[in-house]
Amino acid sequence: MMDLSPPRTLFLESSSRGPTPPGPSPAEGSDPSDQNTTAPIIRTAARGLIKLRAQRDNLPQKWWFASTAIPLVAATIGPFSNVLSIVSLVSPWRLNLPGDGLPDGSGRGSDDLAWGIPDPQWEIIPNIFSIIAGFIGHLFLLLNFIGRVRYIVALPLTILFWLISALILVVVEIAMAIYVPPVPPLQTYSQGFWHSVFAVCLYTAGSLILGINMLGYFLGYYPQNFELDNDQRTLILQTMSFFFWLAGGAGVFCALEGFTYADSLYYSQVSVLTIGFGDFAPRTDAGKGFLFVFQLIGIIFLGLVISSLSRFAAGIGHDKIIKRHKSHKRELMVARVVTNERELRERLGLPGQRTSMMVRDVRDAEYARRPSVMQLGRLEIVGRTVTMRAEKEKKRLILLERDKDRFDAMRQIQEETRRWKQSWALGMAILAFGFLWTIGALVFMYTEARISNLDYFDCLYFCFVWLLTIGYGDISPKSNIGKPFFIVWSIVAVPVVTVLIQQMNHTVVASVNRGTFTLADWTIMPKKGILKNFLSEHKDKKGKQRAQPQPPPPPEGLKSPTTDRWFEGIDPEVPLADIPPAIRYPDDPSAAPPPVPDPEKQPSPQQPQNQTEEETRADENDLAKQLSSTIKTVAHDLRVFPQKKYTYEEWTYFTKLMKFTLNPSWATSNDQQEQVEDQRKTTEWDWIGEDSPLLAEVSESEFILDRLCESLGRWMRRQGRLQEQAKYWDEVFAVMGPEGEGRAGGKGNRNGNGNGNGNTGSRVYTDRNYGSGNEVDGNGRPFTR
């Protein structure tokens, strides 16, 4: 029994990663500290079974397909169902067949030559109300999309009116079958009747999926609104325009060519899809002339709808499936990562490492008492992956000691995700194409059995021919049920075929193109110097292999990190921490030891401290120039396709430009110092962590450009403050006059080159942060205003 008590309000405490409660934003003048307060987010009823969320919130969402795809599918089903209902209204539901009801020698089916039987009034009037109810339901759905009617009002009304429309048609169909059914074999149901059946199916399907959407809302899985972007709004408008253009064109062909409205709709669909079976064609000049306009505009509408559907499907797949796969791969990577040898030994259950002192003093005796690796299990090393195989368990870890190793690991995850995305998208497209192809052939085999008597292979041939828009015309739908099914089936199949072709272009066709270019480079269109380059690369690789000394064979059955280091000429008993990076990573330039500084170029202790300050200012100015030029370069990278991915060295350089303006010494108050520290945390990330910039929603160029612009803004604000402070001190010294200037400091200038002589009258302000409370005079004494 449902709880009829008043709805209760559930208060959730927001966090830094959680939703922002209602109220003024910081930009509107509120205190940011007031944002972490409690606010009503979810209202519950029926003992907590029903959870009603607000119209907009930042809580996590579930059932992403129900919350995102179902509304757009329903918006597509609505106008299509309305078109089918119109056909069922204007067409008689029963037909008289000529002769014995079988096709004659003209090549046309007997259903094409039949004539209609007038329908009773009790069938026509309910059909009108069914169409009105269907239009009203679709109208409420559109009003909710544009924000005119609330979700909790519009969706129940849409479901209600669509169910009423479907129920009316079902009642009329049952009544027709009971009271005035067609008498076989000389009578049969018309296309209008079967259009009503498919309209019932679509209305019911639309109501069910919207009911699933409302169920997710009542369970608190997502808020009560449809956040449509521009592509989704465009898809809805294009779909409505396409179906209305199709229905309107069918009416024009019906008037010009004398076709029935059902046949005109079938002919319009075959024409727009560029199939051209040839069973229907315009015979009048007016019909041929109208075909010019109808076909051109219809193809444009169809292309727009297919393009929008493809983008929508790709967007859903990227936002939910691809991101989820990448996140899963990253979590698996993080769970297996170790950063040093000690952690590696602990995770694998190996004996602890010995220090180099232990190795020198008790090398033989201590090593003899330690358990061997073979007693604990079998070690396998592939690159940085270390696998320990014991009797009943298997441990696989990844040794990532340096920041660059973590960057490379994340790049590897990105590359694996890219390949998986292509394979997944192509596999899903092939699966959908195969389902529509085989199921469609099965349905056509039964619907065309009375007239064409096709076997399943012939139906497979027919479906394959029209799916590729070949349209030989040797086989085409001829029955009254086959044509309406073709209209519904083709609307679904055409986008699927288009997506399949696109995915094949990204994978199969791209591979064929690369192979073709490679073959052309070596055969009919050889590039200049390709053979020389190939021989040079092959010679270099062979020379490197010969130059490498052959290591001695390892002990039998033993393969471990220590033996691998022994092969490389490193003492296996020395811990990794004691081995210089240049030896452990000989191929990595970043692991090389830093150059030895030249003593002559270093400032001596006798040199004044302000010399170092001048160099610091010069370095900051140089970094500011580099920052401006780098912003221009990265902005150019935004126009590059495919999106550019930067190397670790480039990211290191960009990070340096982001951080140099986050200098705590620039802050003039404690609040600014805390703000600087918080901003510095945003530039200190883990490459395989959740805060990795490689996992950002935007491209790498956009992410970097945004952070560099923030850094440039900080630099400009600092320069503005310095100019204001310098202007202030100019005014102060102007008021004080020469005598005051002499008392204020010794000989010097604004760069801090003072000698402490107060008799010269020269201005001295040696500290760069004018007005920060740290001013000193030429003798180093504090100077106050």
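Backbone N, Cα and C define each Cβ position, glycine as well.
The region 'Disordered' annotation in TrEMBL covers 1-38 (among others).
Tertiary neighbourhood of the transmembrane segment (63-90): same-chain residues 124, 127-128, 130-131, 134-135, 137-138, 141-142, 145, 158, 162, 165, 169, 191-193, 195-196, 198-199, 202-203, 205-206, 209-210, 212-213, 215-216, 221-222, 226, 232, 235-236, 239-240, 243-244, 246-247, 261-262, 265, 312, 316, 319-320, 484, 488, 491, selected by CB-CB distance under 8 Å and a gap of 6+ residues from either end. Positions annotated as transmembrane segment by TrEMBL: 63-90 (among others).
Long-range neighbours of the transmembrane segment (124-147) within the same chain, counting only residues 6 or more positions beyond its ends whose Cβ lies under 8 Å from a Cβ of the stretch, are 71, 74-75, 78-79, 81-82, 85-86, 88-89, 154-155, 157-162, 164-166, 168-169, 171-172, 196, 199, 203, 210, 226, 228, 233, 236. The annotation transmembrane segment is assigned in TrEMBL to 124-147 (among others).
Annotation source TrEMBL lists transmembrane segment at 159-180 (among others).
Within the chain, the transmembrane segment (192-221) has long-range Cβ neighbours (under 8 A, six or more residues past its boundaries) at 42, 50-53, 61-63, 66-67, 70-71, 73-74, 77-78, 80-81, 84-85, 87-94, 127, 134, 141, 151, 155-156, 158-159, 162-163, 165-166, 169-170, 172-173, 176, 262, 480-481, 484-485, 488. Taken from TrEMBL, the feature transmembrane segment covers 192-221 (among others).
Taken from TrEMBL, the feature transmembrane segment applies to 242-262 (among others). Within the chain carrying the transmembrane segment (242-262), a Cβ under 8 angstroms from the stretch's Cβ atoms is held by residues 79-80, 82-83, 86-87, 90-91, 116, 190-192, 195, 268-269, 272, 280, 282-284, 286-287, 290, 294, 297-298, 301-302, 304-305, 483-484, all 6 or more beyond its ends.
Long-range contacts of the transmembrane segment (290-314) within its own chain (CB-CB distance under 8 A, at least 6 residues past either end) are made by residues 69, 72, 231-232, 234-235, 238-239, 241-242, 245-246, 249, 252-253, 256, 268, 271-274, 282, 425, 494-495, 498-499, 502. If you look up TrEMBL, you'll see 290-314 (among others) marked as transmembrane segment.
Look at TrEMBL and you will find 424-447 (among others) tagged as transmembrane segment.
Counting only same-chain residues 6+ beyond the ends of the transmembrane segment (453-473), those with a CB under 8 A from a CB of the stretch are 270, 273-279, 433, 436-438, 440-442, 444-445, 490, 493, 497. The transmembrane segment feature in TrEMBL is assigned to 453-473 (among others).
Residues or ranges marked as transmembrane segment by TrEMBL: 485-504 (among others).
Among the features that TrEMBL reports, region 'Disordered' is placed at 539-624 (among others).
Marked as compositional bias 'Basic and acidic residues' by TrEMBL: 614-623.
Sequence annotations record features per position, and here TrEMBL assigns region 'Disordered' to 740-785 (among others).
The feature compositional bias 'Gly residues' is assigned by TrEMBL to 743-759.
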